[in-house]
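Database features (Swiss-Prot):
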type	residues	note
DOMAIN	53-176	domain 'N-terminal Ras-GEF'
DOMAIN	205-436	domain 'Ras-GEF'
DOMAIN	506-532	domain 'EF-hand 2'
MOD_RES	597	phosphoserine
REGION	1-37	region 'Disordered'
REGION	57-110	region 'Ras exchanger motif region'
REGION	686-694	region 'Suppress the PT region-mediated translocation to plasma membrane'
REGION	717-795	region 'PT region'
ZN_FING	541-591	zinc finger
């Protein structure tokens, strides 16, 4: 970043696509050098082309331009003059006339030459068409009307018995030529040495991250063809332009990914660490001369959802803020991106421009200059200016990037950047992290200072097959790097670290084997966690309905009490989440639908099962909890009063996917104490603690459970309090001991694990028995239906 100051001291040089104002000219004259500023390379190229065109550069009719192109070939098909007019005419003719109409004019000239018995002219016309097919074959593959007209031209030539001419205008060679694979060929790295990189976001160095982002950016940028730029000029949008739309979507995806990665950290210190890391990534991107991704990263860091985080910014050093200010000034839109244009003009070799800025230049040039001059001639200078501008962007695709990308990390980034959120959703997440106050609703997000307008409103249009392909590639990379014993499983700890590379994940992992995750489970996880998947209608939104609660209930979003006589709040019919009316639209937890088992809602529980029936969340083949921090009780069981059931241990799976072991003893409390104050009323709840208590519990029975910070905390927003609702019929008859928490020995933990495993095995046996009964009943039902049908046929 030390070069930014020097760049500001350098005299300004006029660059293409922008007009130097009076102030810029005065500054150029006030330098010590008596010589005027040197023209840019694009200006020199345009001047040389105008000289080579001669009188045509001042303007010419369309027929004169076509005739000059035909006369550029000799009798043997070789160019007898500069090919610059051919290049300009064949690439930019769509501004004046469509490709099919241009070929139709050539057909008419061919017919006239046949009538005048001029075989030389016919041959030159075919040479011109062959040059068109060879150099700009993509037009014949993308333009259906041009292909249809070409077939008519070929039939015309065949009808006149000109076999040699038919070979010249043959288009079957398009699919067999090597250059037809230009758009899909791989990027060649400058280094042959293979290096192993980590797939964990926290372990990735800024240099590695910037190189792989540059790889993805260049891969998308080099697929934009000359025709794509033409289509953008003609349509003034990226509609029906998939390559350019994907490039824009990648830029927006990187910007949103940066915001969400910062917001995914639960504490201001951790958010500041991610913020600082992306500043270092931006510095590396500037060194790589990747201005487009640099714009996306800085735009994400300057977004209002990040800049409003005052607590986070207080942990960012002054030096980092200074670097951010320099980057923001470099990419500022002031004076038509003057700082960026000067820095970009000084770059040589590999560089990726800010595509939006140059597309705006193309549109400005296209709208400012007329297509025709006053005498009806074609404005050749406009065609030249547009051609030079587009050709400069296309030539950048031939310079290989100075980096070596890791395929596995590319797959991981490709999937993680596919996440898509709206501006309002991101701002709600920011507001949930650092609320301004408890009453004010979230404001409408403001535009970031460095994000260009052309990129807004462009959303990716994926399909399930594309998402599935990205997920499968990423999963293959994960197991290749982390499944060293090749048993088809990775550990829970490794998975949590890998999942930290994704901004927000909303589902709890099931495990076929304790502490291990299979390939199918991790694939299902990322398919479900994909935000685009949710946008396709396959997500899990809440189904809130206004509800009247018969018992005191708390809001699962803000932990506040639901006041009122009737219709106190809203309840999700699928997962059972309760919340205030004002909290309904602020809930960021994904709906986790409950399995249709004979479970009883928390409002209607009249009996409690032994504590051994409580099962840990995330354990496969057991009851699935509807949401984090809640329990499901089976109905119809008899309360066991043995010593074994009085003192049990349950396993809670917190929002960071780490297990919290809690030793509980059965307790009772009067049901009228739900709204009494807790010991910390008037102060803040102790940090690092979850609150586990019954809503019917008195203040003396509050239980504190220490929860150490996870090395890779989950991005899911932590609720202020989690309540376990349970009660006992005997609570009105005989009081029981209070809830108790103590540290346990290793032997006790081992005994508890063995007990839980035995309970798990017993439940599996019961489940298999129930499944067999269901199958037998279904078979009996089918036989009964068939018997009735046979009886009906007999009668």
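Residue numbers in this text run from 1 along the chain shown.
Glycine too: its Cβ is placed from the backbone N, Cα and C atoms.
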Residues in the zinc finger (541-591) per DSSP class, helix first, strand next, coil last, are 3 helix, 12 strand, 36 coil
Using DSSP three-state counts, the residues of the domain 'N-terminal Ras-GEF' (53-176) come to 93 helix, 3 strand, 28 coil
Taken over the region 'PT region' (717-795), the predicted model's pLDDT averages 67
